[in-house]
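Here's the structure we're looking at; comments come further down.
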Amino acid sequence: MNAYANKQKAYNRLLMIYDQQSKEFSVSKSANKTGPHTVKAYQRLRNGIDVVYRVQLSIDYCDRNSNDMKSSAAIILEPYEPQMRQQSHESFHKGRVTFIDERTQTVHFMPITHTMPEGNYMVRFWPSQFVYNSRDHIMNELLENQRLYRFLTFPPPLDESITKEQYLVVCDLAMTRCKFSSKRYNHEQLAAIVAIFAAMQLRIQSKNGFLLPFILHGPPGTGKTTTLVEACRLLEAEDDRAKILVCTPSNTAADMFAYELIHVANVKPTSVFRLNPLTRPTSELNEALKDIVFIKPNSLMMNQFGIPPVKELMQYRIIVCTLLCSTYLALSGMNGQFSHIIVDDAGQASELDTLVPIVGLIGRRDIKVVLAGDPRQLGPVEMIEYFKKNGISSSLIERYETNPNYRNDPRIITLLRANYRSHPSIIAVPSRRFYNNELHVPADAQRRDALATWKALPKQGFPIFWHHVNTPEEKELDGHSYSNKGEMAVVHDYIKRVCTELCVKPSDIGVVAPYNYQMRRLRRLLGDEHKEVTVDTVERYQGSQRRVIIISTVRNNEKDALGFMMSDKRFNTVITRAEELLIIVGNAKVMMKDPSWKEMIDYCRKNEATVDMPSEAFLFSAGEATNGQAEASDNDDEEEEELVQNGTMDTESKLREKASSSEEEEEEDEENSSVVGETTTEEEEESSEEESSDEEQESEED
């Protein structure tokens, strides 16, 4: 246990060092290609000393740095003209971000020195210490109370006082007696709802009396969140002692969960509170949630999210927040006040972040922890290659599923199998590759064949096809991302045809581009005419879906290198975003290198659902193919060369040394030899750090 906690603490601190070090070198590099940016005084406060400034950023800059902007509490500004440095006698200025207006691409901030010269500056954002401090606090708590938390980090065998057979009988009986809000729930969903609702009565526990965490494995489109919302509704309505904390990795997911509680499950707004990060702009507030948040004026006379007094917080039956935002509750003394702690989308959060609300607020043994997610889709993003290869940042739910005590035991894990989102043809390949062919579309699901009669489909009734495009990829100048102009033209054409020939609203169309460079160029190409079409990366589409999904695979080079496209989890995530129509645009010969993409190409070819597809002989002329062991070419590791040049590689070398020393410490504790599961696939290991930077990393946290 000591080795486990110390390793996680070291991991957290090294992440902070790496994050800060990497930003030190970004001020005049790729993050500021469109700089400098204009800074002007915006508002002088009543005290006559402090001034609020406004910096005007470009759309391109915001696209590149949206993660850093949202998660940062500070802004660093370096004077662009030499005379400005001489005038202020400062090489850079640091300010506290007070407001971010995404509509106008402006950031309001207060400089630490009260005033600063107006003019042109190079800009970067500094990571908030709140994230790292929250994690560190939790690991200290875990070290101090090891006996209490051991069952969470290393789940022990179950107490067999209730056997599997007995549990299933009791569970079936409970299903007939619970007052569900609808008859739409299938058997697996009902089993999960009962397991959560009746946790205190069923008492599925370890031999030393701790209630064991329950896992809800929800593949895409199976109604995972719907199931959790119904469980919360039942608890709020039927159990006066229940007090529930619901945590998610992102603010977007937390907003959606709170919305479902109020406007779908019809839970009284007076019972629900949506706790927001104090640094989150109030402009992001969904109007439908205005009655369940707390907003107050700050020292600048601007509205900001706040935290009600503890007595008021204690009155709410359900609190919804992000994982790291739960630290506010722990610091407010609400440890041990909840009966249930539910983590939705747990597969997208690191083990360290998932432990923040659990360790911080569990307080006693009679608390039911629920982890819901899909470890077979994209998980937490790891920026440091060493940790990626050693699986240190895998999700907690993924590690639980590899625990022998959690395998195929209906008392502590339920797999949802009914897909309500997608056309059966769309989920066929993911079901075979990742879910033992168990996913199915139930008979009572909404029919998804409205677009399956489109005349442009190579095969009528089969709403998937692959359009082969053989145009070369282009690497971003002074950057590390990729684009493909030929694919952009094809994607644009399909968007226009889908809108006109199928009368699909632009807002129902999604374009997934794995690289930021392709994403930005596609957005500019679509312009105002199709501005409602969502163009984004795979990571930002997690948890979302559209009637029509168009995928641009981008990659096409002489080495047939795929980079981070060679990932089962990435493939599974992107394919399952589509509801009624899936169009894949890309070079089939290159994508054949990956086993998952090869199976999709074979699936389309077998069903005669291809456009401009070359012959089989040409496709297989690529040589070494698809055993899952193929190595990605080094063209995706080009950022490493720049890291060497600007000094950041020195930091990573130190990280490897420090992490290695942590491993030696862990080896002293034989009990924990399996802490770090071998969860990272070889395909994911081949991802470059630049490409990882395209991914979402706690984009909505503080």
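Here the Cβ of each residue, glycine as well, is placed from N, Cα and C on the backbone.
Database features, via TrEMBL:
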- 633-643: compositional bias 'Acidic residues' (COMPBIAS)
- 651-661: compositional bias 'Basic and acidic residues' (COMPBIAS)
- 662-672: compositional bias 'Acidic residues' (COMPBIAS)
- 680-702: compositional bias 'Acidic residues' (COMPBIAS)
- 186-276: domain 'DNA2/NAM7 helicase helicase' (DOMAIN)
- 313-381: domain 'DNA2/NAM7 helicase helicase' (DOMAIN)
- 393-589: domain 'DNA2/NAM7 helicase-like C-terminal' (DOMAIN)
- 626-702: region 'Disordered' (REGION)
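DSSP states for the domain 'DNA2/NAM7 helicase helicase' (186-276), grouped as helix (H, G, I), strand (E, B) and coil, give 46 helix, 15 strand, 30 coil. Along the domain 'DNA2/NAM7 helicase helicase' (186-276), the predicted structure has mean pLDDT 93. Residues in the domain 'DNA2/NAM7 helicase helicase' (313-381) partition by DSSP class (helix H, G, I; strand E, B; coil) as 23 helix, 15 strand, 31 coil.
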